[in-house]
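Below you'll find the structure, written out as structure tokens, and then a few comments.
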Amino acid sequence: TDLPRSPPAAAEPRHASPAAPRRLREKLRTAARMAGPPAHTAPGSRQQVQGGEGRAEPATGAPPARETRAPFRFDYQRFRRSLRHPVRGRRPSEDPETRARRMKIKEMMKFAWDNYKQYALGKNELRPLTKNGHIGNMFGGLRGATVIDALDTLYIMELEEEFQEAKKWVEKSFDLNVNGEASLFEVNIRYIGGLLAAYYLTGEEVFKSKALELGEKLLPAFNTPTGIPRGVINLGRQDTRSLFSPCSGMSWSWGWASAGSSILAEFGTLHLEFLHLSELSGNPVFAQKASTSQLGVMNIRKVLNRVEKPQGLYPNFLSPVTGNWVQHHVSIGGLGDSFYEYLIKSWLMSDKKDSEAKKMYDDALEAIEKHLVKKSAGGLTYIAEWRGGILDHKMGHLACFSGGMIALGAEHAGEERKQHHMDLAAEITNTCHESYARSDTKLGPEAFRFDAGSEAMATRLSERYYILRPEVVESYMYMWRLTHDPKYRQWGWEVVKALEKHCRVEAGFSGIRDVYTTTPTHDNMQQSFFLAETLKYLYLLFCEDDVLSLDDWVFNTEAHPLPVNHTNFKA
């Protein structure tokens, strides 16, 4: 039977499975209750990093000399000088139409922010129809998700007054002393990512200190037999005696996840942020933990490289206890998506030194092409889902990021593969554009199918909604930057007009429940990722290439820019 068509009025996880959007999101919101009290986890079997481990002992019997190493300090000014382009670009002469369109998107951002500030400041999202705030329970008691998600967008758009308002809230009101069950993934990509980006863009210490403090609260999630983190972390009740204490009990798996498994898109989407936490660590205690955590995110790869991949594919569910797959569902959309994205981006962020990440990406893409990429009768290229060898011929909106990802990877492939991958990226992006063009609102559904004579359209009531998602315009932005084909800017402008016509309401922007009617019902939710991602990617689409240049920056999966590590900035 069909699931209810209405999307929830709640913060939306990036990887909510489009296969069962309502059901999965309901489970996400109630995961902590379903899971019951956190189970005690076994101590991590990874090698623990001890302060003196590995140091040479003096030849004499005298006690070792006391270490007098100076505290670590990140040299921000040296970092800024290393950037190859000004963060906001050089603003060369440009045609008036491009500038006018960029200014329109800036006005949309100001409108979204001003209404959030007026009606919901400090809450996680704005409910624009009822003009109040929404908190939800995905962030473990943390507040201000929209503030943190909006910081870098406000800065890049030169909305100076609004940026100062957001910064002031972080300084005065952003409380990390909370006690609740949070999604490790969502807190990492939105809060850690947003704070890191704000620091790298501005050098304001408050953003760095908050990122490091919050990052430390996430570390107990790695306390599992395999080092694969669990999905839920309690941000309170931290056991400070030992990161890997067997009685810490601070993390557990989602109650709805198969057999207590961890999710590929969750444990596979930590690498960028955690390496930057290590890079910025300012005190020895945190540096040790961040270093341990870095081993944690690197250890994830060891587990994944060790386990057998069916047909070279990565299923979505893995046991954090045994390190084995729990079921064979493969998706480039919900539950899998950003794992693949972080492989190619880890390589780029390392200044192309992380060859392990590049090989994992290349091998995964080869398997995806071989087994999942299909062409419809009407000539549309799409990436199907795989369920134990049986294909499900649909794509989720979330999977539409893949056009941009494949293009980004193609830039750095060999000449023969480069053109092939650029063609594939263009075809997938075109298919995602068709999912928008074939709807009455010119906005795309949550999922679209290629069966029963239907192509690039939702065939189920439960998949017809649009919640201000960014993935399609994300691919437009990458395709524009890498090809400069003007159709991508035109397609982006079509999205701007559709958002204005169907999603803009009196007090903000709202998702809609059915993209196939020109008089849609609104869902009363201005998602924080609309400000972090959708509006940022649209703005960058109409900027010159040196604004947040891809030479200098890699975007995390919430569109927060993190710098490419060109050198070591220890002061």
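Note: Cβ is positioned from N, Cα and C throughout, glycine not excepted.
Taken from TrEMBL, the feature compositional bias 'Low complexity' applies to 1-21.
For 1-71, the entry in TrEMBL reads region 'Disordered'.
What TrEMBL lists as active site, proton donor is Glu186 (among others).
Under the heading active site, TrEMBL lists Asp337 (among others).
Note: Cys432 (disulfide bond) has non-local neighbours Met395, His397, Cys400, Gly403, Gly444, Glu471, Val472, Ser475, i.e. same-chain residues 6+ apart with C-beta under 8 A of its own C-beta. Summarising the annotation, TrEMBL assigns disulfide bond to Cys400-Cys432.
Residues or ranges marked as active site, proton donor in TrEMBL: Glu446 (among others).
Glu471 (active site) has a Cβ environment of 25 other Cβ atoms inside 10 Å. What TrEMBL records for Glu471 (among others) is active site.
Annotation comment: TrEMBL describes Thr557 as Ca(2+) binding site.
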How far is it from Glu186 (active site, proton donor) to Asp337 (active site), counting Cα to Cα, in Å?
14
Taking the Cα atoms as reference points, how far is Asp337 (active site) from Thr557 (Ca(2+) binding site) in Å?
9
If one measures from the C-alpha of Thr557 (Ca(2+) binding site) to the C-alpha of Glu446 (active site, proton donor), what distance in angstrom results, rounded to a whole number?
18
C-beta crowding around Glu186 (active site, proton donor), within 10 angstroms
26
